[in-house]
Amino acid sequence: MANVTLRNVRKTYTGGFEAIKGVNVDVADGQFCVLVGPSGCGKSTLLRMVAGLETVTGGEIDIGGRVVNQIEPADRDIAMVFQNYALYPHMSVYNNMAYGLRNRGMAETEVKSRVEEAARVLELTSMLERKPRQLSGGQRQRVAMGRAIVRQPKVFLFDEPLSNLDAKLRIAMRVEIRKLQRRLNTTSIYVTHDQLEAMTLADVLVVMNGGQVEQVGNPLAIYEKPATTFVASFIGAPPMNLMSTRADEIKSQLNGAATEAGILGIRPEDFVITDQTPAGGVALPLTVEAIERVGAETFIYGSREQEEQRVAATPGELPPGEVIVRIPGTEAPAIGARIRVAAIRPKLHLFSGDGRTRLEA
Amino acid sequence: MQKQAIFQSKLLPYALVAPQLAIVLIFFYWPALQAVIQSFLLQDAFGLSSTFVWFENYIELFKDPAYFEAIVRTFFFSFAIAVSSLSFALLLAVMADKPLRGSMLYRTLLIWPYAVAPPVVGVLWIFMLHPSLGVLSRYLRGMGVDWNPLLDGDQAAALIILAAAWKQISYNFLFFLAGLQAIPKSVFEAAAIDGARPMRRFWTVTFPLLSPTIFFLLVVNIVYAFFDTFGIIDTMTRGGPGTSTVTLVYKVYSDGLLGGNLGSSAAQSVILMVMVIVLTGIQFRFVERKVTY
């Protein structure tokens with residue numbers, strides 16, 4: 001059992017490229033920390049630095065009160081689950097799990113009892129003699145998990161472990177990983193680019209972008225109060241609608257401190273179709289351009305009257321002037337219809353013009 | 001998609017394969033047949049007439065202690081060349097696999113020796129290790145080694161093995177490097193996290209995962225040592241001193257072309273032919289089985 005602390009951790013490659021630009025994260029003992037961000041944001045590099053597979057060029061990585069910057073991966077008392085599972089193809093499932101224990105000189109009887117216990121937990125008992133190539137993707141994933149848990153390490157590291165599985169299995173394994181982690185109560189760091197995986201797994205969510213931490217915190221707190229426009233559009237699907245407050249139709253509806261803001265954000269689910277304008281809120285006329293019905297909910301893609309340049313460069317970018325509205329059920333206006341949507345004041349997110357600061361109204 | 005070509009004329013496909021067949025027939029089957037026929041004939045001392053003697057050439061051969069010596073010597077050479085060349089190439093490949101600067105450059109340099117023809121290899125090594133001309137010979141003698149491969153059979157054998165193994169290192173290196181790069185890096189990383197030190201990692205992960213490559217190269221190297229070392233032996237020692245570097249292939253040449261005993265020489269080449277067929281058979285069976293671990 002251990003906490004993991006990153007203090008101003010940096011990674012600069014020899015060419016001068018700065019992959020990690022000073023990251024501070026504190027993961028308490030037994031917590032499940034998820035690093036999330038778009039590809040290339042440095043989240044995997046950061047995880048590999050914790051594992052000891054990449055050198056640290058600045059700052060300190062502390063595992064259980066010990067600075068591990070100069071310590072070999074083997075001596076950090078961590079276990080890692082890789083994206084491609086990295087099973088030893090020439091070893092049976094049993095030997096894959098036993099390898100790490102034998103390397104540490106554990107007695108064969110103890111090895112056997114630990115491997116069999118892990119196999120029982122992960123429902124691999126009938127496959128212990130098989131080679132990895134005789135297993136399905138989900139089974140391989142479980143072997144990789146088994147290899148991590150038999151060691152009973154201080155920290156689990158997961159590098160996008162579910163991204164090679166199909167959608168259905170991914171959800172099932174996600175729940176399994178969370179249940180297992182809660183039962184073992186082992187500190188875990190999990191890397192993913194899937195914001196849904198991040199939201200559902202994390203005790204602590206770390207949103208990264210361009211080698212920097214954008215926001216750290218409880219997933220729901222981040223969802224409710226994103227600190228930057230990047231976080232606002234990355235966390236939540238479909239992404240938050242971000243609009244410039246310079247547009248006249250919006251500017252005229254804002255008052256007080258809100259007039260200072262450069263960017264207004266409203267989540268698709270916070271809109272309602274209505275003719276009224278809530279006090280202090282924002283109402284927008286839209287023309288319906290597309291409808292997506294997914295059963296329990298419907299997404300309306302509408303265009304604003306006024307074309308405007310979108311303000312922040314964000315993942316999941318919409319064409320300028322487009323607004324997504326989420327409504328429950330399958331009832332929806334016809335394509336081409338003109339509707340009016342509104343959001344109440346507490347549901348407005350205000351950001352500075354560069355998108356880097358959240359403003360509280 | 002139509003995979004089989006359809007020909008209007010029945011003759012055209014035969015005409016198309018004919019050049020290839022002609023080459024194989026003229027340059028392989030016909031000489032092979034000639035060798036088999038020759039191996040049943042006995043020449044007189046002047047090469048003026050020959051008699052059909054059935055298997056007498058073979059029987060004589062297997063009674064001849066010199067032939068057995070050549071067999072043992074050939075196996076020893078092959079084993080020594082294959083093992084030394086494979087292990088050194090593997091060592092180089094493991095080191096070259098690291099992501100270092102200029103890796104393309106030294107990988108290319110390591111591959112170059114393969115482009116050198118065997119007789120040239122022989123000459124190169126003579127320049128280095130000839131007792132009176134050799135650059136390295138001086139240092140060896142300076143260190144108190146009585147270096148003279150022209151008189152000492154064991155030293156001559158060592159010289160042949162050294163040159164032949166050196167020549168083959170690049171080829172083996174290339175295959176080992178490709179084999180290493182086919183193994184996902186994360187497998188090594190997993191082993192490192194699993195507490196395996198570099199040496200243990202090599203023997204428990206790298207080596208078993210390279211075993212298909214190793215086996216393939218072992219067969220290729222044995223075939224090479226059996227047959228392609230002729231050029232090296234001929235330029236460096238001509239089988240001498242005495243018969244200490246006469247391998248089976250060199251004996252075919254020296255008995256037949258130098259000794260004039262064409263019948264025996266033909267019988268020897270038939271035996272070699274059988275050996276290479278067996279080795280190739282092993283290799284084919286192996287290559288067909290794709291996954292071996």
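Heads up, the Cβ atoms here are built off N, Cα and C, so glycines get one too.
Predicted automatically and left uncurated, TrEMBL annotations should be read as such.
As recorded in TrEMBL:
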DOMAIN    B:71-283  domain 'ABC transmembrane type-1'
TRANSMEM  B:12-32  transmembrane segment
TRANSMEM  B:75-96  transmembrane segment
TRANSMEM  B:108-128  transmembrane segment
TRANSMEM  B:156-180  transmembrane segment
TRANSMEM  B:201-227  transmembrane segment
TRANSMEM  B:266-287  transmembrane segment
(Q) Counting Cβ pairs closer than 8 Å, which of B:12-32, B:108-128, B:156-180 has the most of them with the transmembrane segment (B:201-227)? (A) B:156-180
**Q.** Cβ-Cβ under 8 Å with the transmembrane segment (B:75-96): same-chain residues at least 6 beyond its ends
**A.** 103, 106-107, 110, 157, 160-161, 164-166, 168-173, 176-177, 179-180, 202, 206, 210, 214, 217-218, 221-222, 224-226, 229, 247
Q | Tertiary contacts of the transmembrane segment (B:156-180), as residues 6+ beyond its ends and Cβ separation under 8 Å | A | 73, 77, 80-81, 84-86, 88-90, 92-94, 96-97, 107, 110-114, 116, 118, 121-122, 124-125, 129, 149-150, 206, 209-210, 212-213, 216-217, 220-221, 224-225, 229, 232-233, 236-237, 240-241, 244-245
